[in-house]
Amino acid sequence: MKLLLVSALLGCFATVYAAPAEGMVRWCVKSEKELKKCHDLAANVAGFSCVRRDDSLECIQAIKREEADAITLDGGDIYIAGLHNYNLQPIIAEDYGEDSDTCYYAVAVAKKGTEFGFLDLRGKKSCHTGLGKSAGWNIPIGTLVTVGQIQWAGIEDRPVESAVSDFFNASCAPGANRDSQLCQLCMGDCSRSHNEPYYDYSGAFQCLKDGAGEVAFIKHLTVPAAEKASYELLCKDNTRAPIDSYKTCHLARVPAHAVVSRKDPRLANLIYSKLMAVTNFNLFSSDGYAAKNLMFKDSTQNLVQLPMTTDSFLYLGAEYMSTIRSLTKAQATGVTSRAIKWCAVGHKEKVKCDAWTINSFTDGDSRIECQDAPTVDECIKKIMRKEADAIAVDGGEVFTAGKCGLVPVMVEQYDEVRCSAPGEASSYFAVAVAKRGSGLTWTTLKGKRSCHTGLGRTAGWNIPMGLIHRRTMNCDFTTYFSKGCAPGFEVDSPFCAQCKGSGKSVGGDGSKCKASSEEQYYGYNGAFRCLVEDAGDVAFIKHTIVPEMTDGSGPVWAQNLMSSDFELLCQDGTTKPVTHFRECHLAKVPAHAVITRPESRGEVVSILLEQQARFGSSGSDSSFNMFKPDFGKNLLFKDSTKCLQEIPSGTKFQGFLGEEYMIAMQSLRECSNSTSDLEKACTFHSC
């Protein structure tokens, strides 16, 4: 087992309310045994102190109130900690090594020879790690409800604890009402702490071993090696299997326990650095404390820092979150609205979306409702959480959304002929544009200033930087371009130096380099404007932008521009007029697409087809147009869109983007600084 050390946790209850010293981390413990281990750690490393509370919820509340800083929690408690009233986030995951990594298997275990299966548990005595915990409660109870073993219609009918009490003969589920049947088998106070001997994995197993219960809901590593031969796993198909067959016989694979703290990157880094710096102490052993799994699981091999944008939803994943919600929220009743919630990025898109909502009313109900977020990544999160349903995004964002489990369902078509006679997949050309006569070529861009549509965008980042990376094999693009504007970078990056912000006299800097229309150099039009206003020497955009913005077609800032004032930079080192994009481009790439959750595909497609029949380019209702720039350029959809076309059902993001694009993306993903924090969070683990 890899030895990791956690810093000392000095402190005592009397100092709980004192403001922490600079660089101090206060760990929350839930029992005297954990406190003893915590104090022993304090003898090894300065900078930690201990805060004693009675259970996980009290620790969560203490961290929220800044009376403590961190605690390791299981998935069920991570969910609670992430709710709006606490707003904590997982920052470090336990790593169990081998194939488990930062996930583990939730299993049901019984003594060998007892001859009942998972579907025969009614009337049996059960041992649970704790009420609301992952392997001990949420997964087994959620599974039993799903397969119809436990009859429960939702909390509007009765609490799930009542249904579980009716199902099992008796139980020990620490954290339940002490006088209830769910505490009948417990040996101590039935609290969710080590004050209850049957609490946690080792306690639930002890409950089974002692004969108090007939089945224990635990994790796959709980049964000691010397005792495995005496126990068996209960599989969901009602068969049994040896303890080591957990990969094929388990209830679910769930995210590892994780350290949670407040949403403060500096505090998260401090906690991680303290843990990694501890020496001469085995952080993952509870030997000598007459208990197991104190502060961390004893089976932990390592600790892994999570991406800073990871929240409880991203860490736990949509499937596990759905399981928890099914046990804690009322089931949906009544008729739901036949509307889709569109996610608008920034104020300008929200204004257009609100107008769409008003015009979409049919028979007294709107077909489009609006949610807004500051960035596309935040919209993707909202769609994952079911707070929004859909948004149209560029190919790079389709890639990120796909990594987060969303799917492309409709694609923008820029050729009107193909709207009525679909054929080749909708696409556009990614191009590099410079001012005519600048002397620049594709091969002389090093040291110049660059204008990008945004970090992670197709034409503006992924294609040009992928080509540059393939040539230089250097991920530090600040050594290639001297500075530029690539909205989405940290504001102190050289790739934000040339960004303009909102242009407002008050509070404008807050929008600088933000990946939304509030940043004037964001998106296709913004990147072109960056070039026009001499903030950059080259703009990476799509082939239609120059003609759309020049020769009298553009906004005020582009009024006097001629398309002939600009030229394309070809990969062979030559330049060509902007009309020669078919011979002079960086790549031909998929058009922008509407993304949603897989289960929402049908409804989103149906409503959008209906909406474009009314408000599309050839729509029956002239009061609103989905694709015209009446509210500003390229809002909600590209202005060049002629129609939306359905993507064949079952198409995943990889198939939509195509092999060439996927190869380019995989190459660029060798550079961590070209991967968004959201994508890192979504791909951190897949349980």
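Glycine too: its Cβ is placed from the backbone N, Cα and C atoms.
There are 34 other CB atoms within 10 A of the CB of Thr129 (hydrogencarbonate 1 binding site), with all protein chains counted. Taken from Swiss-Prot, the feature hydrogencarbonate 1 binding site covers Thr129, Ser134, Gly136, Trp137, and the record attributes it to sequence analysis.
In the three-state DSSP classification, Tyr524 (Fe(3+) 2 binding site) falls within a helix. Sequence-distant contacts (6 or more apart, same chain, Cβ under 8 Å) of Tyr524 (Fe(3+) 2 binding site) comprise Thr453, Ala459, Gly460, Ile541, Lys542, Ile545, Asn634, Lys638. Here Swiss-Prot flags Asp394, Tyr428, Tyr524, His592 as Fe(3+) 2 binding site, drawing on sequence analysis.
DSSP assigns Ala459 (hydrogencarbonate 2 binding site) to a helix. The hydrogencarbonate 2 binding site feature in Swiss-Prot is assigned to Thr453, Arg457, Ala459, Gly460.
Look at Swiss-Prot and you will find Cys28-Cys50 (among others) tagged as disulfide bond, backed by sequence analysis. DSSP assigns Cys50 (disulfide bond) to a strand.
Under a cutoff of 8 A between CB atoms, and with a sequence separation of 6+ in the same chain, the neighbours of Cys207 (disulfide bond) are Cys127, Cys172, Leu185, Cys186, Tyr198, Gly213, Ala216. DSSP assigns Cys207 (disulfide bond) to a helix in the three-state reduction. Under the heading disulfide bond, Swiss-Prot lists Cys127-Cys207 (among others), citing sequence analysis as support.
Marked as disulfide bond by Swiss-Prot: Cys172-Cys186 (among others). DSSP gives Cys186 (disulfide bond) a coil state; it is part of no helix or strand.
Taken from Swiss-Prot, the feature disulfide bond covers Cys235-Cys249 (among others), and the record attributes it to sequence analysis. All protein chains shown were included, and the count of other CB atoms within 10 Å of the CB of Cys235 (disulfide bond) stands at 19. A coil conformation is recorded for Cys235 (disulfide bond) in the three-state DSSP classification, outside any helix or strand.
Summarising the annotation, Swiss-Prot assigns disulfide bond to Cys343-Cys379 (among others) and lists sequence analysis as the type of evidence. There are 27 other Cβ atoms within 10 Å of the Cβ belonging to Cys379 (disulfide bond).
Residues or ranges marked as disulfide bond by Swiss-Prot: Cys353-Cys370 (among others). For the recorded site, Cys353 (disulfide bond), the DSSP three-state label reads helix.
Annotation comment: Swiss-Prot describes Cys404-Cys682 (among others) as disulfide bond, evidence class sequence analysis. The Cβ of Cys682 (disulfide bond) has 25 other Cβ atoms within 10 Å, all protein chains considered.
Sequence annotations record features per position, and here Swiss-Prot assigns disulfide bond to Cys451-Cys530 (among others) based on sequence analysis. If you take the C-beta of Cys530 (disulfide bond) and look for same-chain residues 6 or more apart in sequence within under 8 angstroms, you find Cys451, Gly484, Cys485, Gln498, Cys499, Lys500, Tyr521, Gly536, Ala539.
Under the DSSP three-state reduction, Cys475 (disulfide bond) is assigned to coil, being neither helix nor strand. The feature disulfide bond is assigned by Swiss-Prot to Cys475-Cys671 (among others), with sequence analysis given as support.
As annotated by Swiss-Prot, disulfide bond applies to Cys485-Cys499 (among others), with the evidence given as sequence analysis. Cys485 (disulfide bond) falls within a strand segment according to DSSP.
Per Swiss-Prot, the feature disulfide bond maps to Cys496-Cys513 (among others); the stated evidence is sequence analysis. Sequence-distant neighbours of Cys513 (disulfide bond) (same chain, six or more apart, CB under 8 Å from its CB) are Cys485, Ala486, Pro487, Gly488, Phe489, Glu490, Val491, Ser493, Phe495, Cys496, Cys499, Gly501, Glu519, listed in sequence order.
The Cβ of Cys570 (disulfide bond) lies under 8 Å from the Cβ of Thr441, Trp442, Lys576, Glu583, Cys584, His585, each of these being in the same chain and 6 or more residues away along the sequence. Taken from Swiss-Prot, the feature disulfide bond applies to Cys570-Cys584 (among others).
Summarising the annotation, Swiss-Prot assigns domain 'Transferrin-like 1' to 25-329 and lists sequence analysis as the type of evidence.
According to DSSP, Thr453 (hydrogencarbonate 2 binding site) sits in a coil region rather than a helix or strand. Cα of Cys671 (disulfide bond) to Cα of Arg457 (hydrogencarbonate 2 binding site): a span of 15 Å. Listed in sequence order, the residues of the same chain lying 6 or more apart from Asp394 (Fe(3+) 2 binding site) and placing their CB within less than 8 Å of its CB are Thr453, Arg457, Thr458, Ala459, His592. DSSP assigns Cys249 (disulfide bond) to coil in the three-state reduction, outside any helix or strand. Around the Cβ of Cys343 (disulfide bond), the same chain contributes Cys370, Gln371, Asp372, Ala373, Cys379, Lys382, Ile383, Ala388, Asp389, Ala390, Ile391, each under 8 angstroms and 6 or more positions distant in sequence. The shortest Cα-Cα distance between Asn673 (N-linked glycosylation site) and any of the disulfide-bonded residues Cys28, Cys50, Cys249 is the one to Cys28.
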